[in-house]
Amino acid sequence: MSIVPPEKQSAKISLIGIASQFGLNLTLGFGTLVLFSFLRPRNSIVYSPKQFAPEDKQPPKIEENKLWGWVKPVLKVTEKTLINEIGLDAVMFIRFIKLCQNVFLCLLVFGACIIVPINIFGTYRDNNYDIPSKENPLQILSISYLERTNWFWAHSVFTWLFSLIVYWFLYREYEHYNKLRIEYFKSDEYRKSLHSRTLLISGLPNSMQSDQGLVDFIELIKIEIPVDEAVIARDVGKLPDLVLEREAAVRGLENVLIKYLKGPNKVEDKRPQHRMHLFFGTKVDSIDFYTRKIETTEEVINKLRKDPVDKKALNYGFVSFETIYQAHSAARQLDTVPSVGMRHKSFGAPAVQLAPIPGDINWRNLSMPIAVRKTQRWLGRLLFLALCFLWLIPLGFITTAAQIDNIVKIFPFLKDLLYKHNFIAGLIESWMTPLILAMFVVILPIILRHFSKAQGIITYSETERSVLGKLFLFFFINNLILYTITSTIWDIVAKIKASIDAGYLDLADLKKDLFNSKFLNEIAESAIKVSFFWINYISLSGLVAVWDLAQFVQLTYIWFKKKILSPTPRNLKELSIPPEFDYPVYYNIHLFFFTLGILYSIIAPLILLFCYLYYTLAYLVYRYQLMYIFNTKIETGGVYWKAVFNRLIVAIIFWQLTMIGVMNLKGAHIQSVTIIPLIFLTLIVKLYCTSRFDRSTKYYVPDTERAGKPTTKDDIVDKGKRKEQHIFNVFGHPALTAELIIPMIHANVKNQIKNVYKNSKVTETTEPSRNGKSKSIILVEDEDHVLKIQPVEKNELYIFDKYDFNMGYTSAQSMFERDDDGLERDRFGGSEGKSYLFGETVSTATED
């Protein structure tokens, strides 16, 4: 006896829903692409900010007169050129998208040509050459209605074949990554950087907290490689807060000057004022206030920056060597030293690793004691697990709304309303529900990023990889496993309720029916039916990708900022900086789609078509975005690939376990046993790839090991260039070494500065900039203080140059996190939760 009554109306809604969603997505997507192609050449700041990059980093020029002229330049650029222009991290992301596209193309060919015909023919044979009257006719393409177990030999064979195809693609990609990684180590950019031949040593005992103590530590553990330079970190005290306070004052002065100086010959009648405290504070002259704040904080900063060696030593430091090979060789040896290798099991042993890029360092977390860091990491994990369970509340709502049929079964009074409006009901089922899920997912990375930062991770790139790990695990547990389980349970409960109400099932027979093979088959059918929700979700995500390409939010924001507000020259320069590409979010969503596609590749092959179409579109979209729009925040040389590879392995094993479970539910017990060896084979592939490639991707290894002698061009560093990179200047805390920013004004109002500072001596001079060019500087001299102001010409407003931009940081320290005040707190390790907008003493002041 079947517990499922026929429901033709629900089938009609499912078909209309899928068709309407696909049609709507196709229409909106194509329209968005046309609109993007029209807007692109007319809004270069939004759609091609990288054109302002240095010449060797600029993307290829695009024919602006052609509507689709952007497609060919995006697709024809070689990989070697891309690596030079956008970096290895971006190239590996594009290669990952291409990998998924190729995998699903191969699987789609077999799925469409062999598996689907088997499923259709088997369904006809098992149902006396009739189409089953079920809720979704598209399920005939899946294994839902196959009853004879002999059919599942084909699915077992294709599980093996699909696994071997994926193994082959993964191995080839890892092998290619290995080659690219070796070339990355040999690149001029890497070889000339100081961090490539430097080690970071943290968790030092008090007896070793000195420059000489670092050298003694290297000698103590018998690393027979001479140290070139060593520097212990120093306590900077309140200096980071002072630097940020001064930066806030500079921005405040720029904001009031842009409003006060209306033109070359026009100023406001009254000088700007603001209150020292909210509502009832004393009014002060804003220009004078911010000028004094800049001068006083700069005086204190310069005083505190003198003689850094006199400051208290911290528990970490940096050691550099003559060559890259020596540094990497030392790091490899230290991996095997017991006292260092056991650092994860002992709070007292120092931790040694290759030094990260200086701008990648989270200075606040770096000085954290190892015991505190371990405690915070475990606390972060517990908070993450709590979030996973709390997320079940919105997930339960989404599960309920996922299928109109379930709503009708539980709430029969809605039946007439929904079934009389098939198009609306289908649209709600197939389009609105995935959209609600996508909206919930938007806020998730923000929450997880806060969790990861609070765990004491010492680099931002590692923090981002931690976010990727949490996102994938969260999606895997909540959005896949728990959603599938809850959807299946809900569907079964709804079917039982409907069957009892319709007289198909008696309560007295319920217990017996729950354990018969027919009911187990119903469980498998309900689980397979969830695939159509994910098909809708992937289809909607294709539209979201096109909207992402169109950058409507950024376009509106920049228009509003430039036309409605009064942007300062610094604001305009910031608008021309390419936005940062969010690797954890983009990697995770595509890993999730890969997991979904491979999971249903055999049991519901229709999903393969949507996966292939999505990755084909994504390849074009994200290739353009990484070439012309987005920038990599911190270049790691493709390190994300290892995290991605491990999660692909998890997805494959989960798929193979699912196939074993589904086949057992369908009664194909013998066939399920044949899949078990694949799990072990997957682990072997994982171990083989990591053992073969990890050593050469983690450390630089010359073609011939030479005990550290720099006798080839791969080992030699230009000594003249190297001597310019003193370790303290590069790895010193940025609050000690970063250049202080100066106020910027538009060049056409520079003559008005004399009217602004009537009691001061105002002169104009030139100073050399970091890129060797000269820049105009206005000096405002008042007694013992000199305020520097930089006039910016109109043609300099959109120059994307790390030196011309003059934001107060060197190239190595240009990776920062911006807060709501426009300040880079984490770059200097500023205090959490502190507002610098009006300075420390007037943090709540407002303009009146």
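Note that Cβ sites are derived from N, Cα and C of the backbone, with glycine treated the same way.
Per TrEMBL, transmembrane segment is recorded for 15-39 (among others).
According to TrEMBL, the feature domain 'CSC1/OSCA1-like N-terminal transmembrane' maps to 18-173.
Cβ atoms under 8 Å from those of the transmembrane segment (102-124) belong to residues 130-132, 140-143, 145-146, 148, 151, 154-155, 158, 161-162, 165-166, 169, 594, 597-598, 601-602, 605-606, 608-609, 611-612, 615 of the same chain, restricted to positions at least 6 beyond its ends. What TrEMBL lists as transmembrane segment is 102-124 (among others).
Non-local neighbours of the transmembrane segment (151-171) in the same chain are 99, 102-103, 106-107, 110, 114-115, 118, 122, 126, 143, 598, 601-603, 645, 648-649, 652, 656, 659, 663, 666, 668, 671-672, 674-675, 678, 681-682, 685, 689; each lies 6+ residues outside the stretch with a CB under 8 Å from one of its CB atoms. According to TrEMBL, the transmembrane segment annotation covers 151-171 (among others).
According to TrEMBL, the domain 'CSC1/OSCA1-like cytosolic' annotation covers 196-365.
Look at TrEMBL and you will find 377-663 tagged as domain 'CSC1/OSCA1-like 7TM region'.
Feature annotation from TrEMBL assigns transmembrane segment to 382-404 (among others).
Here TrEMBL flags 424-447 (among others) as transmembrane segment.
Annotated transmembrane segment per TrEMBL: 467-485 (among others), in sequence order.
If you look up TrEMBL, you'll see 606-624 (among others) marked as transmembrane segment. Listed as Cβ neighbours of the transmembrane segment (606-624) (distance under 8 Å, sequence separation of 6 or more from its ends, same chain) are residues 29, 70-71, 74-75, 93-94, 97-98, 100-101, 104-105, 107-108, 111-112, 116, 138, 141-142, 531, 534-535, 538-539, 541-542, 545-546, 548-549, 586, 590, 593-594, 596-597, 600.
For the transmembrane segment (644-663), the list of distant contacts is 96, 143, 152, 155-156, 159, 163, 166, 170, 173-174, 469, 472, 476, 524, 527-528, 587, 591, 594-595, 598-599, 601-603, 669, 671-672, 675-676, 678-679, 682-683, 685-686, 689: same-chain residues at least six beyond its ends, Cβ to Cβ under 8 Å. Annotation comment: TrEMBL describes 644-663 (among others) as transmembrane segment.
Within its own chain, the transmembrane segment (669-689) is flanked in space by residues 149, 152-153, 155-156, 159-160, 163, 167, 170-171, 174, 645-646, 649, 652-653, 656-657, 659-661, 663, which lie at least six positions past its ends and keep a Cβ under 8 Å from the stretch. TrEMBL lists 669-689 (among others) with the feature transmembrane segment.
Computed over the domain 'CSC1/OSCA1-like 7TM region' (377-663), the whole-number mean pLDDT of the model equals 82.
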